[in-house]
Each structure stands twice: as structure tokens, then as C-alpha cells.
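Step one of this worksheet: look at the structure below.
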Amino acid sequence: MVDHLKRQDEKVFAAIEAELGRQRSKIELIASENFVSEAVMEAQGSVLTNKYAEGYPGKRYYGGCEHVDVVEDIARDRVKEIFGAEHVNVQPHSGAQANMAVYFTILEQGDTVLGMNLSHGGHLTHGSPVNFSGVQYNFVEYGVDAESHRINYDDVLAKAKEHKPKLIVAGASAYPRVIDFKRFREIADEVGAYLMVDMAHIAGLVAAGLHPNPVPHAHFVTTTTHKTLRGPRGGMILCEEQFAKQIDKSIFPGIQGGPLMHVIAAKAVAFGEALQDDFKTYAQNIINNANRLAEGLQKEGLTLVSGGTDNHLILIDVRNLEITGKVAEHVLDEVGITVNKNTIPFETASPFVTSGVRIGTAAVTSRGFGLEDMDEIASLIAYTLKNHENEAALEEARKRVEALTSKFPMYTDL
């Protein structure tokens, strides 16, 4: 397959080869990224990319869908088995579109929604004014406690009582602690609101039984299929059976046309992997590595939002190093460590600058990194940030990164 691409389009082939080289040679710590299996990539690069299949299994608007119907049913059934969901839609192209479909199912323009503040750990689609969610709906924000940096559930309840939202959104893109979904449902019930949980970052941990499952508590659960779930980039929706027809209509014909059947096939393969015993071991290793990395960073004198982590994600406050998140991201990338700048609770800097960096352990754990490697990564991060203007020190860091990544070859068949 690669040989065909190389002969047909040398420029695209070269860019893909360069990206493969980047992934092999750098330490990937972006919390929303992971490395899929070769089987997932094979499914996504299959002949299913040729097939249009508007509609759902058994009710398509095109002929010739008998085989893609099988694939979509496999994907849906596996998700039900993993999470205990009553109904599943695996067609969303992204987590953002999954969230949009839920909003379109139960909200009217201007309805009030309670969601987590973006700088406190929420997501753009949870009411940011630059996103469709903040434009179409009246979002009221809740956040974290100023000292503990954990969700203040009493504050959530108080705001829910005051504003009477039609929907409460739980879930986050930069919150390193366990979320109490049962408490959120109690709050939603008290004010007569629906509850939607966006579990995009923690879905793999939930699948492995290592994080509380939101499905028994939420009317709707949305997620991406990559991140800790280690599937292709995409989204899905899990919901109570009473909302099944509405959700399906919101996706098609509501906001999407034909589903990406090659991606759904890749999702199905990833869900099959998540059902294996070794996936639970993998997820436990993600958490163990995150805890070890957090401990190492703190020993090096770095400040962590909330003081640590319960999941795969760590948020570093770099202000005591007298640098910005933007500078930290750049200098770490220069030595071969990939992270992303990120706002922190009660942020004062621009989102293009930020006071923090977000890191995660899903990708390095997929690659085989263990606890001792987390010690070295913590040392490397601290050494690099503390010496960000010292070229000799940065060159030493580059060599240490190269020595570490060389121990863990990846995608050797490509």
C-alpha cells in the first residue's frame, strides 16, 4: 500500500514518512493523542472508504450496504458490551459533532445550559463564546475551587438552582481528577435538568473499569474514540433507549450525511481491543505512569494543578519558572518532548500564551514506557524548562530524549 503512495505522490508520501519519523523520535505527551494498532490503521485504510451508506444498518438510502451494516453493528454491539449502554451511535465524525447532536436533540436556541469553564478544564463545546455552543445557547459556567482546584459540587448545585438549566454538562478536557457523575445526576434531578457527560478523555479508563462509568447516571454520554480509548479519530454517543430515535435523527440527517464507514470499521477494531484483558492492564499502566510522572515533577519543584492526578492527565503551572505555557511548549518540542500549552484555573494570560502545559501518559504507555521511564521524563521536563535559554543544556536534553525513544521502537513494519 505504501509503495503505491510513494509511486503516485512523492510529496504526500514524504510528509507521511516525516510524521512517522517524528512520532518515532519524540516523546509524545499530548494528553489527547495516542498510538493506534496496525490493525486499526488497516481497517481505516480499507476499501470501506469507497462505500456510501447514508442511514443506519437495515435502513440505508443506498444499495450494497450489507457488509458495512455488519461492521457498524459490530461496533455498536461492542460499545454496548464495554459500557453497558442501552443505545449507541458510532457515526459522529468527532466528539464536537457528538456534543452538537445531543444539544440539537433536547435544546432550543437560547436555552440555558450549565457547563464547565474552559480555563478550569472544560471544553470549547461546553459553552465557549467562540464555539457554536456558546453562540446558540445560554451557557452558565461552573468551575473548580480556588485552593483545591477540584470541582465544587456545592457551587454547581447553587448555580443549577439559580439558573434552572435545561441541560447540565459534565466532563472536561483538562481536569486531572475523578468526576462524581452520581453527584451530577443528583443535582440534575433536583433542578429537573438533563445530564450529558463528555467522557472523551477518560473513556479508555472507564472501559477498563478504572474510572467511574457515567452511563448509569447520565441521560447522554458523548466521547471521542481516540485518546485513552486508543481508536481512530472520531466520536460516538451513548444514551438511554428513550432518546435513541431522536439522537439518530440528529446525526443523520440532522448534522451529517454519509458516515465514514472505514473509520467506523477502525472504531470496531479498537472496541474489540478494549474488550481484551490486556487493555485493562494497559489502562492501569496509564494511571500508574501518570502518578509516577506527577510525583517526579513535584520532586523537581514543578507545580501541578490540583496537586496531582487521578487519571492520565497532568496540568503543570509554569508561572513559578517565570515562563509561559507557550514558551514551555516550544522549548520542550525543541528537545523532542511534545506537549500543548494550556490555560489553568483562574487564568490571567491569553489562551495563545497561557500559564500552563497539559501532558498525558496514554501515548507513551502504548509505546511501552514504564515507571522508571517516567522518572527520566520528569527529570527531562524540569531540566529543559529550568534551562530553557541554555543551548548546551538543551542539546544534552535532546540526546537524553533520543536515548530514551531508541529503547522503544514503534511501527517497525511501516
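Just so it is clear, glycine is given a Cβ too, placed from its N, Cα and C backbone atoms.
The following features are taken from Swiss-Prot:
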BINDING   LEU118, GLY122, HIS123, LEU124, GLU240, SER350, PRO351, PHE352  (6S)-5,6,7,8-tetrahydrofolate binding site
MOD_RES   LYS227  N6-(pyridoxal phosphate)lysine
SITE      HIS226  site 'Plays an important role in substrate specificity'
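Taking the features listed in Swiss-Prot, we show where each one sits on the structure.
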| residue | record | DSSP (3 states) |
| --- | --- | --- |
| LEU118 | (6S)-5,6,7,8-tetrahydrofolate binding site | helix |
| HIS123 | (6S)-5,6,7,8-tetrahydrofolate binding site | coil |
| HIS226 | site 'Plays an important role in substrate specificity' | coil |
| GLU240 | (6S)-5,6,7,8-tetrahydrofolate binding site | coil |
| SER350 | (6S)-5,6,7,8-tetrahydrofolate binding site | coil |
Fewest-neighbour residue among recorded positions, criterion Cβ within 10 Å, set LEU124, LYS227, GLU240, SER350, PHE352: PHE352
By Cα-Cα distance, the member of binding-site residues LEU118, LEU124, GLU240, SER350, PRO351 nearest HIS226 (site 'Plays an important role in substrate specificity'): LEU124
The residue listed as 'N6-(pyridoxal phosphate)lysine' and SER350 ((6S)-5,6,7,8-tetrahydrofolate binding site), Cα-Cα, nearest whole angstrom: 26
Neighbourhood of HIS123 ((6S)-5,6,7,8-tetrahydrofolate binding site) by C-beta distance under 8 A, where only residues 6 or more apart in the same chain count: ASN99, MET116, GLY171, ALA172, SER173, ASP198, ALA200
GLY122, PRO351 as binding-site residues, winner by CB count within 10 A: GLY122
Those residues of the chain, 6+ apart, with a Cβ under 8 Å from that of LEU118 ((6S)-5,6,7,8-tetrahydrofolate binding site): LEU124, HIS126, GLY127, SER128, THR343
Integer Cα-Cα distance in angstrom, GLY122 ((6S)-5,6,7,8-tetrahydrofolate binding site) to LYS227 (N6-(pyridoxal phosphate)lysine): 16
Distance [Cα-Cα, Å, rounded] between LYS227 (N6-(pyridoxal phosphate)lysine) and PHE352 ((6S)-5,6,7,8-tetrahydrofolate binding site): 23
Maximum Cα-Cα separation in Å among residues LEU118, GLY122, HIS123, LEU124, GLU240, SER350, PRO351, PHE352, which the record lists as binding (6S)-5,6,7,8-tetrahydrofolate: 39
